[in-house]
Amino acid sequence: MNALTTTSNPSSKTTNTATTTPTPQRSRWLSLGAIALAVALVIMDATIANVALPVVIRDLGLRAADAQWINAIYSLVFAAFIISAGRLGDLFGRRRIAASGLSIFLIASLAAGAAHTPLSLIIARTFQGLGAAAVLPATLSTINTLFRGKDRSIAFAVYGSMIGGMAAVGPLVGGWLATDISWRWAFWLNIPFGLIALIGMLAYTPNTRDTHAERSLKAFDLSGVALISTALAALVFALIESSTLGWATTMPIAAVALLLIAIFLRHERHRSAQHQPVLVDLSLFQLRSFRLGASTAFLVSLGEFGLIFALPLLLQGALGYSALNTGWLMMCLAGGTFLASAVVPHLIKTLGKKQVILLGLGSQTLMLAALAWAISSHSWVMAIILAAYGFGIGLANAQLTDTTMQDVPVELSGMASGLQTTIRQLGSAIGIAGLGGFMIARLSTLTQDGLIAAGIPRAQELTRAVHDSVGAIIPELAFRDPVAAAPAIHALLTSSRWTLLLAAGVLCVALINSLRLAQDAQDEKH
């Protein structure tokens, strides 16, 4: 029996899908458009924020840790609450939770654009992450519920294309706004498009849910939410603040985070054995496709967001790019992702989904290594490399999501989509915190060594200024004192190159992991 519910009229009461007329074809595709637009805004927001980050650092006087928190807090809150939001969607209706989350996201976008202190911007980004956490699992599980067979593959392709298109335009628009108008409009831009998505969602998306689950807080694992949220927050805090507080202080915090994760897993097993509601059904990891797909997605996100954090800082800090020119280059990355969606259906027919994932991850790994080598080359060289890297993302990502979800029972679709997206977002947060922290630490060390070797006075003071601004102060320093700026520019180039190589190493591990998915595909043929 199908435990999920849907209606042909979104405003009517939710009923069992086994006994109702399926959602009309036109409404399904209009619903998909609204869903894809909402998710595109959620994803685009991270890209826009990164392009504008150097401008925000200078405008609000951010510290290095503040700059990391502005991006990492979004992914962290996203990761911490997305499983809970997926479960809430299963219990109380996915459209209801998605619409509520989108509303929170839009209000937080308004607040982010109005922020005048680092703390107020970080708080606004926190609520943006909370709203985004409610949007994504509900929309993914709705697609998983509304579409079957060939239509599902087409739906995921359309979904990916819509996201890719918005992501392609996002960096350019964000760069233009930050250069010619204000970085604040990079957040306020969400509001008109978000309202369109919200209206479309309410008008055309059926409110599916698990009718067999008890609709009360008793059916909700609040202790599990508290454990995993605290664990993830502590882990990311340890990574980000290590450059400020030192590893001697943050390592014990990281150890506590890992201990809390172990306690969380034990807690979930105990609740499952007692037949109590759980936040995470650990039996999902017994599905090989889910286990391999989710772990690969974690590594891909870790490497990708390390790049997305580092590249705008490098381009604007060391290479003299404006936010607009940075947006053009970042658009090449997103444009490659968008273009890949046009060839993915043909490649799937020829090679199969899992081989396409393998091809995409191979491209990403090679292009990140190439970018590390060509980091100070002509802009057209970097544009080609970034477009090829984005093409690899486009080949892998949507099919990786589909592969991860393919064997999941329908009644667990909300939990599974929330869990796999949590794993992605955790990878993003750790990429920003871990790879970003590595870059900042190397930048500080290399800057100080270079300044001392060049005999520059006030080396420690200048190093602190470069460290705290993550290189955003370098253009101003170059204008006032080109001799002192030269070691800082070299340090930012070198630290960025090593960060990209480290990200390429992470993607190489993801590529090795994806070989097991490809082997599964071969086994299925024989």
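Placed from the backbone N, Cα and C atoms, the Cβ positions cover glycine too.
Computed from a predicted structure; not experimentally measured.
Checked against TrEMBL, the range among 129-147, 452-470 recorded as transmembrane segment is 129-147.
Residues 38, 41-42, 45, 56, 60-63, 66, 69-70, 73, 85, 130-135, 138, 184-188, 190-191, 194-195, 197-198, 201 of the same chain lie 6+ residues outside the transmembrane segment (101-123) yet bring a C-beta within less than 8 angstroms of a C-beta in it.
At the 8 Å Cβ threshold, with sequence separation of at least 6, the transmembrane segment (69-89) comes into contact with the transmembrane segment (217-240) through 3 or more pairs.
Sequence-distant contacts of the transmembrane segment (381-400) (same chain, at least 6 residues past either end, Cβ-Cβ under 8 Å): 156-157, 159-160, 164, 293, 296-297, 300, 304, 307, 328-330, 332-341, 344, 347-348, 353-354, 356-357, 359-364, 367-368, 370-371, 374-375, 514.
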